[in-house]
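Asks: The structure is given below, and queries will be raised subsequently.
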Amino acid sequence: MKIVSSLDSSIQVWDAYTGQKLGQPLKGHQSLVNSVALSPDGEKLVSGSYDGSVKVWVESTGWNLKLSLEGHKESVNSVIFSPDGTKIVSGSDDKTVRIWNASTGQSLKQPLEGHQNSVESVAFSNDGTKIVSGSSDGIVRVWDAFTGQSLGFLEGHQDFVSSIAISPDGTKIASGSHDKTVIIWDISTGQGLGQPFHHQEGVTSVAFSPDGTKIVTGSFEGIVYIWKISTGQSLGDPLEGHQGWVTSAVFSPDGTKIVSSSYDGTIRVWKLTGQNIEQSLEGHQGIVDSVTFLSCTRINSNLIYKSTYHNLDMGCKVRMDS
């Protein structure tokens with residue numbers, strides 16, 4: 001069990017049990033680390049930075065810098081591996097999405113262009129055939145992951161698209177916006193399905209349940225909601241407890257729990273039966289930007305989360321629960 005964190009431009013790996021540092025800090029970025037993701041097999045780490053670079057780290061006897069992917073002209077806001085771990089997708093303030101070979105670092109296509117403003121969120125479909133990007137221009141775009149060709153765009157939000165997700169079966173997209181709505185889209189037709197789901201404040205996070213029947217959303221109001229997609233109705237009482245806006249909320253791989261992170265510096269784990277707080281992970285010195293569950297063959301589940309302290313990005317940390 002390990003924790004991966006970063007301060008300023010470096011990344012540090014820690015032993016989660018002892019709190020001891022494992023090796024020297026991982027240095028390579030020239031500016032603050034903005035986004036980190038683990039490969040599906042847990043053997044690679046990708047980081048995106050305000051310096052405009054994407055870096056790939058590999059674990060052998062320790063985490064070592066393997067590749068530096070250069071091409072973005074501005075801050076990299078979002079990075080993700082493809083489901084098979086062979087590709088990396090990055091979204092940037094330079095308004096583009098890039099696809100990279102995760103082994104060689106080579107750009108596989110020309111930059112995917114079409115957004116009129118910064119790309120804030122990127123997602124891969126589970127079958128690896130589609131990439132979806134959300135932007136502060138208010139548009140969601142769908143791309144062919146093999147050719148890089150645009151498959152269309154989804155227009156309906158009135159403000160910044162902050163978060164996107166693709167359903168497990170690849171038929172739907174959920175997008176959350178600062179216009180206080182979540183829209184569920186039919187990925188084949190580009191049409192909205194039903195009425196938007198409404199928050200009282202801007203939406204900051206959306207994620208599908210493993211069975212694709214529900215979504216979980218978080219917003220600036222500090223509340224987490226669970227919605228049934230077929231009816232558009234919220235399920236049960238809102239999950240309340242955070243003292244700041246919700247930065248991220250996701251389902252566990254088995255769908256029995258939700259983990260949420262907040263501007264208040266806490267991570268909360270919610271057990272859906274009774275919707276009780278099962279665990280509150282506190283003690284962070286700043287904002288927890290994002291949190292997600294990851295699957296790994298060597299462990300049952302783990303958490304990866306990113307925290308910031310005031311204006312300093314403290315990077316991503318991984319909490320592994322056996």
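Cβ coordinates come from backbone N, Cα and C, glycine included.
Bear in mind that TrEMBL entries carry predicted annotations, made automatically and left uncurated.
Dumping what TrEMBL says about this protein:
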type   : residues : note
DOMAIN : 33-159   : domain 'WDR90 4th beta-propeller'
REPEAT : 26-57    : repeat 'WD'
REPEAT : 69-110   : repeat 'WD'
REPEAT : 112-153  : repeat 'WD'
REPEAT : 154-195  : repeat 'WD'
REPEAT : 196-237  : repeat 'WD'
REPEAT : 239-280  : repeat 'WD'
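Map these features onto the structure and tell me what's around them.
Replies: Model confidence over the repeat 'WD' (26-57) is summarised by a mean pLDDT of 82.
Cβ atoms under 8 Å from those of the repeat 'WD' (154-195) belong to residues 120-127, 129-130, 132-142, 201-208, 210-212, 215, 217, 219, 227, 229, 232 of the same chain, restricted to positions at least 6 beyond its ends.
Under DSSP, residues within the repeat 'WD' (196-237) fall into helix, strand and coil as 0 helix, 21 strand, 21 coil.
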Asks: State the non-local partners of the repeat 'WD' (69-110) in its own chain: residues 6+ outside its ends, Cβ under 8 Å from one of its Cβ atoms.
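Replies: Contacts of the repeat 'WD' (69-110) (Cβ under 8 Å, skipping residues fewer than 6 from its ends): 34-41, 44, 46-56, 116-128, 131, 133, 135, 141, 143, 145, 147-148.
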